[in-house]
Every structure is written in C-alpha cells, then in structure tokens.
Amino acid sequence: MKITNIGAIVTPVGNSYHSGDKQSELDFIENATIYIENGKIAKITREHSSDAGDLDAEGSIVIPGLVDSHTHIIFGGNRSQEFYQRASGYTYSEILRSGNGIYKTVRDTANSSADEIFTQSMKRIADAVSHGTTTIELKTGYGLYEKEERKLLDVARKISNSGLVSTVLTYLMHVLPEGESEEAYEKYSEKILSSFRNYISFADVFCDEGAFSPNAAKAFLKFADNLGLGLKIHANEINNIGCVKACSGLNVKSFDHMIHANAEDVETIRSIGSAITLLPLTVFALDESYPDARVFIDSGVPVIIASDISPLNYNANLIFAMHLAVKYSSMKPEEALTATTINAASSLGLGEKKGTVEEGKDADIVIIDVDDYTEIPYEYGINTVKKVFHNGSLVFDRTKQFKL
C-alpha cells in the first residue's frame, strides 16, 4: 500500500540520540508519498500518482509514530481521592508516608485479577495510540512481591501480543514494602529480576527520598547490568540524594524525572553518553516546578519526553506533554518532536527501527490534521491526530473505532 498526497513529512533522521543543536534538526519532504511493504517503509517519493487502495493524506502533515519510553500504565484501581488530597495541600511525600500513594495502588493491584488489569490497561493504551503513540514502555512495579509482579508481567506480555503497539518491558524496583529492610529487599528484587530475565529488556529503580538509597540503586542496577539488561533510573524527582553520582559508572540509558538535577549531574550524564527523560505530565499533576530543558540541551545532553502515565498522572497524551515542555521547560517544537521520537526510541534500544520516517524503518506513521508541524504542541486542547499506522497497519482512524 501507499500513503499519498502528504503535505509534508516532518521527521528527525538517523538511528541514535540527537543532542545539542542537532536535537532541533528535522527533515522536511513536501508533497510526498510513502510506500509500505511488509510493515516497513519501502520507499519515499515526491510523486502524485493514486491507485485503488491508496490512502489519501489530504495534504496533512506526517510525523513518526511517537515513542513513550517511561510509563506505569499497568495497574489496578485508581487514586482519584489522592487527587483531591493534593488539591487541598497534601504533598506527594506526605501521602506516601501515610501508606497511600504508590502503596494504595499496590493494594488495589493485588485485589485485581490479571484480566481486570489487562482490560483497564488496554483502555489507557488505546487512548495513548489515539494521540499518536506507536511504541510504549511497560513497567512492572506495583506488585512489589514476585507473585504480583509476575501477574503484571503476564499482563504486559498479553498487551505486547495485542499488536496495537510495539512494547518494551521493564522490571521496576519501585518502593520498599512496609516493614522490609532495604538490603534484604534489594537482594529479593535481584531474584525476581533473574526469573524475569527472558521476558524483559530493562531494569529500573526509583532512587529518591522515600524510595531507594543510592547504594541500593547502584547494587540493583549493577546486578541487572551483569544480566545484560538495559538500565534506567528514576532520580531527582522529590529531592537530590546523589543517585546520578552513585550510578555514573554504570551504562544507564536514561536518567528520568531530574527535576532537582544540579550542574554536576548534567556533566556526569553528558560525559557517559546517557540522556535525560523529562516527564512534564507528572510535574503538571504534582504542580511542581518544571526543569529547564535548555540547561540539558545546551550542555549537549539528549532530552527525551515521556508520559509517565500512572495512577497519580492519569494521562498518556504525548502531544500535551510536548506542549508543557515547550511552554514551561523552554524547549523548541523541533526539540520536543525529536524528544518523543528518535531520542525516546534510542533510549529503548530501538533507534534502528523506530523514531523516524525513513526508508527501511518500521512503518509507524502518524497523520496529523495541521498545516504546519509547529501547530502540534500549540493545538494541545484538541486531538489533531487523524490516523495512526503501526507496522504498516491502520490502528487508529479518528472516524472509526480501534481495532483491538
């Protein structure tokens, strides 16, 4: 098949992180046609021929399928009451210390069946796809113990088999169960990680005030590295307790949150060739101060934007995340598009297949109903996504229902 009458393809190019000035570099192919064969982009031309079965883009903009590299989208229950607590002045840390927050989701998840969690999670994923996401990272983390974590892993694998999106599975050492010692639980998590090894690609840890210490995070990630897994870390969301420095000797693909990063952290991340993932939707949910992306980009650190959808931040709309990053973190629209495509794909080890509209890559394509790509973050209040292709298959059409 082919997609014809494309107003312009707007895409970064290449297979790896874009940093510094390169993060704002995009290619433009006007009046284009995309040929799709066997789920791949076979050819891109500037011809105008039209045959039966072609899809007419009607002059719209085409961008790469968006890549959401940090999510907590698999869980049971909800935390709507917590929203009102935060609105009345309670902080994230206060709610967590009271045994709620993440711990409430742990209880809700334990009390939900795998089928219930799958159904809830697929609704959230369908919404993400409707806003242009074609690849999504799926974390465990709300089980804490092996039986419940395996339930979440099974749900993640079932989502992977749905065909709606491409997935990358991550085991997350999330929070310390009440009454457990950190050292003992870290060793226990290593055992879970070993048993999950054949089904996941990444290991992640929440290293912050009220979560795991730098020493525990380092030990866990070092163990994961020895297993050959990719490494990610939540750091500097609540406070800066030295997680970046502690893990600087490891091959961490991305340091996520980074609200309280200092100059030493930025230089460390740049020097080891890693990246920073900004999560503006969570900052929005918590009403915190947004980190300044200019500090990272101008220092030569690749910046990624992800949704961080969770019970706290019930939002997987990467276009709204781009809007927030442009408005509050001083990113250019070009940088924001790169952050949600090739940089996010590279952080998941998928840069050779995902994140750009180029010949030979997976046909993950989003048709956007705008006249210019700069309107994408601007028109955040309406869904401008017309159609979404995943591996060459139409998985979302605004005028039709999902093919679940």
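Using the three backbone atoms N, Cα and C, a Cβ is placed for every residue, glycine included.
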Q) Given Swiss-Prot annotates His70, His72, Asp308 as Zn(2+)-binding, which of His131, His234 belongs to that site as well? A) His234
**Q.** Rounded to the nearest Å - Cα separation of Asp308 (Zn(2+) binding site) and Glu237 (4-imidazolone-5-propanoate binding site)
**A.** 12
Q | Residues Arg79, Tyr142, His174, Glu237 binding 4-imidazolone-5-propanoate per the record - widest CA separation, whole Å | A | 20
Q: Taking only the Cα atoms, work out how far His70 (Zn(2+) binding site) lies from Arg79 (4-imidazolone-5-propanoate binding site), in Å, as a whole number.
A: 19
(Q) Name them in sequence order: residues not among His70, His72, His234, Asp308 whose Cβ is within 8 Å of the mean position of the Cβ atoms defining the Zn(2+) site. (A) Thr71, Lys139, Asp256, His257, Leu279, Thr282, Ala306, Ser310
Q | Lowest local Cβ density (other Cβ within 10 Å) among binding-site residues: His70, Arg79 | A | Arg79
